[in-house]
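Q: Got a structure here, written out as structure tokens. Questions coming.
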Amino acid sequence: MFEINVDPVAFSIGSLVVKWYGIMMALGVIALVSWIFWRIKRGADISYDTVLTAAIIAIPSGIIFSKLLHVIDAWEYYSLNPGAILSGEGLTIFGAIIGATIGLWIYSRYSHFNLGYLLDVAVPGILLGQAIGRVGCLLNGCCYGEYGGSGCSVIYTNPASAAPYGVEVVPTQAYEIIFLLCLFAFSLFIAKKLRPDGQLFLLYISLYAAWRVAIGFVRVNDDFALGLEQAQVVGLILIALAVPFFIYRQRKQKEADKNT
């Protein structure tokens, strides 16, 4: 068992309260953009202007959809506290991914850059950013797992933590950090083996969605539908869309290779 006694608030300046969760989210975004810039320096066929514009579009669209999914999931609370909709709390990773992807797709229709290529280049950076963001969840005490003692449980002893005080819980945040870092390494290995552009992103969506469905049975969350939490429902939908599309595109690519 491990003890976490961290104040979720990193520091405050007057009425401005800065939490570790927000800091880690910001660092995750910085890691993603930095990764893409590093890939450009290594020869990736994307302009800096395209990346900057993409970030300006993807970040707000990701935040909006991220919050939207949480509002839908916790509508009973938000209907009674509408002002909380504008707070920085309660963001969902699937909402961020979906919102950012939609924003980038719209942008690509106007600027005509290769969206699939950009998403593939970004995948390792996305995974690094997610891992950093989950560190924020671990420090904050949110997104924890089932109650009860085990050899790898954690106990939060700061009264301000989002986790129940003094109760052993499964550190699903830490499990996800490990999974994301493993998926990061795998993405580097498999990237050059996948064609056409966009396949790495589809594989990432499929594998991460499968993970969220599985870990959802350990996490403590309210049921959304069919006895599943919202992330599990969204994950199943994404798997149903991404996996067949991935397989279809792989087969089309093999046929194209045979004809050349």
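Quick reminder: no glycine exception, Cβ is built from N, Cα and C everywhere.
As listed in Swiss-Prot for this protein:
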- 17-37: transmembrane segment (TRANSMEM)
- 52-72: transmembrane segment (TRANSMEM)
- 85-105: transmembrane segment (TRANSMEM)
- 113-133: transmembrane segment (TRANSMEM)
- 170-190: transmembrane segment (TRANSMEM)
- 198-218: transmembrane segment (TRANSMEM)
- 227-247: transmembrane segment (TRANSMEM)
Q: Would you say the transmembrane segment (227-247) and the transmembrane segment (85-105) are touching, if the rule is that at least three C-beta pairs must lie under 8 angstroms and be 6 or more residues apart?
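A: By the criterion, they touch.
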Q: Apart from its near flanks, which chain residues at least 6 from the ends of the transmembrane segment (52-72) lie with a Cβ under 8 angstroms of it?
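A: Answer is 29, 33, 78, 85, 90-100, 102-104, 106-107, 111, 118, 230, 234.
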Q: Cβ under 8 Å, sequence separation of at least 6 from the ends of the transmembrane segment (227-247): give me the contacting residues as numbers and ranges.
A: 69, 72-73, 92-94, 199, 202-203, 205-206, 209-210, 212-213, 216-217, 219, 221
Q: I need to check the long-range neighbours of the transmembrane segment (170-190): which residues 6 or more away from its ends have a CB within less than 8 Å of a CB in the stretch?
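A: Sequence-remote neighbours of the transmembrane segment (170-190) are 2, 123-124, 127-128, 130-131, 134-135, 137-138, 142-146, 148, 150, 152-154, 200, 203-204, 207-208, 211, 215, 218-219.
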